[in-house]
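Have a look at the structure below, then the notes.
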Amino acid sequence: MLDIKKIRADFDGVAAKLATRGVEKEKLEKLHDLDIKRRELIVKSEALKAERNSVSDEISQVKRAKGDASTQIAAMQKVSAEIKAIDAELAEIEENLNEIIIMLPNLPHESTPIGADEDDNVEVRRVGQTPTFNFEPKAHWDLGEDLGILDWERGGKVTGSRFLFYKGAGARLERALYNFMLDEHGKEGYTEMITPYMVNQESMFGTGQYPKFKEDTFELKDDRGFVLIPTAEVPLTNYYRGEILDGSELPIKFTAMSPSFRSEAGSAGRDTRGLIRLHQFHKVEMVKFAKPDQSYDELEKMTANAENILQKLGLAYRVVALSTGDMGFSAAKTYDLEVWIPAQNTYREISSCSNCEDFQARRAQIRYRDEDGKVQLLHTLNGSGLAVGRTVAAILENYQNEDGSITVPEILRPYMGGLEVIK
């Protein structure tokens, strides 16, 4: 959530930055007008409350003197009625103001490329050689079905579209990958967590999924309204919701593997086959809590942690800085890692690493006490390390052989009982 004080102090600057994220200036002007009216009413209310206190003192003095306080009582009743009316108007204005501000995205960092959509993203670097084949490479869904390790037909029968069964070596490969990822992040100082797979709506608000992206989630239809997590970012970030941390302990780094549940609203017709876009998938997440002056260094380190996984798996990838028009709601800066998918002859997203600055911390009220004892908002960061199903897809396609078998990357073989080839 944005700081209303920042909007107040630099309205034109904030409006210009939000315009690059598709926010119309009229919306911000309405917010600005409501804020002015709100502050005027607060001043008026406080003045009337001071007047009411003064009249109350007069009434006490008159009564002590055995006098007639009816005039003062009438005056106080009039003032009290005015205060009640102002406070009611103030509550309505604050509700309207809040409805606007919670729907505004984060301000982009100065280094974030300005653009309308993914076409304006900027490639930062490419790492690794894309493989060459002396045969026509198959898509991972065909490879998985032919090997009997991925079963979409029965996944569709049991549940519906965008669901599948991993079977045999396929299930073992998935498990090997997330265990490998967690081990690697543990070496980098991340504390491994197992989180709840359902969260309350306050948690979804804290990280910015609610209310704007409610349609993208699966929510339980009961009086509790729990939500199946779209990413472990939600429970990990909200772990410290409403708390004040010791600044000397920052940065704090968490990692977790969890299922992620997404309705994929608006994705009809996109990636209808394969592991790229599912309603349920495993993902290893990284989350950091950092001091504001250290958060961008921590973003680079987090991105390097995600890259480390791809490098050790021997997968070619590129790093892309997302434009203001393509970046997620809560992010100030985001790097996407895109892995090479041979059958599609292109790079596809496998990780997003973002610095949300104090945007989520303000919504979730996560603060720290600095060395001077001052309490202030910290910065939150999150990143995929990695999306496991998409990593399976990348391995199947990049490590496929002409006979349809899959060579298991060397780094994973100890996690798969020494298995060298899936056939």
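Numbers run from 1 along the shown chain.
Cβ coordinates come from backbone N, Cα and C, glycine included.
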Which of Glu184, Glu285, Glu338 shares the L-serine site with Thr231, Ala232, Glu233, Ser384 per Swiss-Prot?
Glu285
Just to verify a number: CA distance, Ser263 (ATP binding site) to Glu285 (L-serine binding site), in angstrom, no decimals.
19
How big is the gap, in Å, between the Cα of Thr231 (L-serine binding site) and that of Glu264 (ATP binding site), rounded to a whole number?
13
Mind giving me a neighbour count for Glu349 (ATP binding site)? Other Cβ atoms within 10 Å of its Cβ, every protein chain shown.
16
Cβ-based isolation winner (fewest other Cβ atoms within 10 Å) among the binding-site residues Ser263, Ser351, Ser384:
Ser263
